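Trainee: Straight from Swiss-Prot, here's the annotation block:
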- Gly170, Arg171, Ser172, Ser195: NADP(+) binding site (BINDING)
Amino acid sequence: MGAHLIDGKAIAQQLRERIAQEVADLKAHRGLVPGLAVVLVGEDAASQVYVGSKEKMAVAVGMHSVVCRLAATTSEAEVLAKVEALNADPTIDGILVQLPLPAHIDEDKILLAIDPDKDVDGFHPVNVGRLSIGQSNGEHGMVPCTPKGCLMLLKGVLGDLTGKTALVIGRSNIVGKPMAQLLLSANCTVTLAHSRSRDLPDLCRRMDIVVAAVGRPEMVKGDWLKPGAVVIDVGMNRLPAAPGAEKGKLVGDVDYASAAAVAGAITPVPGGVGPMTIACLLANTLEACKARGAGA
């Protein structure tokens, strides 16, 4: 019997429906409309697609959506001024600066300029600190969207995570480190590994939960896994195109075929973690709006 398929697309849809209902209630009973602003600098094709998707989904759940499109030649000072204007705008609850930025703009400086209470990506050092000391836990606070979505998927399969052993493969500030912090807050016993960790297969075999976010195509094999483990594959890698094909196959960091034969539950790529990321961006924006209303 194969692993249970964790359908991130369907779960994200359910989350968006709950968000839409809460947005409607906020409008009806408190006169609040969550506002999400995305700052896009330049003409990067992938960024244009991502921003378009975020805008479409924000509008679909009833949010106020603003996309600030700036030319690639926009100066760092002008981008900072735009961020400061959005910080001061009472109709905007969430601010997201789409990365990457043009080479002449310091990404860290721009991200630091965002009001931490409007930092729906959860990348500001204040929010990183809140997560590390347990003030944020995936249900409260501005937590990076991909780890937040992964935690929701895990809880959907396992319920209470207390006492589970968990391995996070990957140490990025965007996924790996915050994922480990969230699992700690959920009372897991957590190991954080990376591509240079020794005896990685042996580590994996001892774990109830494996989160792969290392950026290496199909690195985690089925024989690395403990039977019945829950596997969350954050990877998104495009293999070289086969002769005559326009595009290569999209795969994760886990060898899906072999892993699905051993795991108890697993996310596919695509259709697993990816859809949860934008849904959690909307969830963070909603939470920021509710915090604004509470402080009014």
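Keep in mind that glycine also has a Cβ here, set from the backbone N, Cα and C atoms.
Relative to the rest of the structure, where do these features sit?
Mentor: Secondary structure from DSSP puts Ser172 (NADP(+) binding site) in coil. Close to Ser172 (NADP(+) binding site) in the fold, though at least 6 residues off in sequence, lie Ala213, each with a CB less than 8 Å from its CB.
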Trainee: Give me the long-range Cβ neighbours of Arg171 (NADP(+) binding site): same chain, 6+ apart, Cβ under 8 Å, in sequence order.
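Mentor: Looking at Cβ-Cβ distances below 8 Å from Arg171 (NADP(+) binding site), excluding near sequence neighbours, one finds Lys177, Leu192, His194.
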Trainee: Under 8 Å between C-beta atoms and at least six apart in sequence, can you list the same-chain neighbours of Ser195 (NADP(+) binding site), or say none if there are none?
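Mentor: Looking at Cβ-Cβ distances below 8 Å from Ser195 (NADP(+) binding site), excluding near sequence neighbours, one finds Ile169, Gly170, Val214, Arg216, Met219.
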Trainee: For Gly170 (NADP(+) binding site), just count the other CB atoms lying within 10 A of its CB, please.
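Mentor: Cβ-Cβ neighbours of Gly170 (NADP(+) binding site) within 10 Å number 23.
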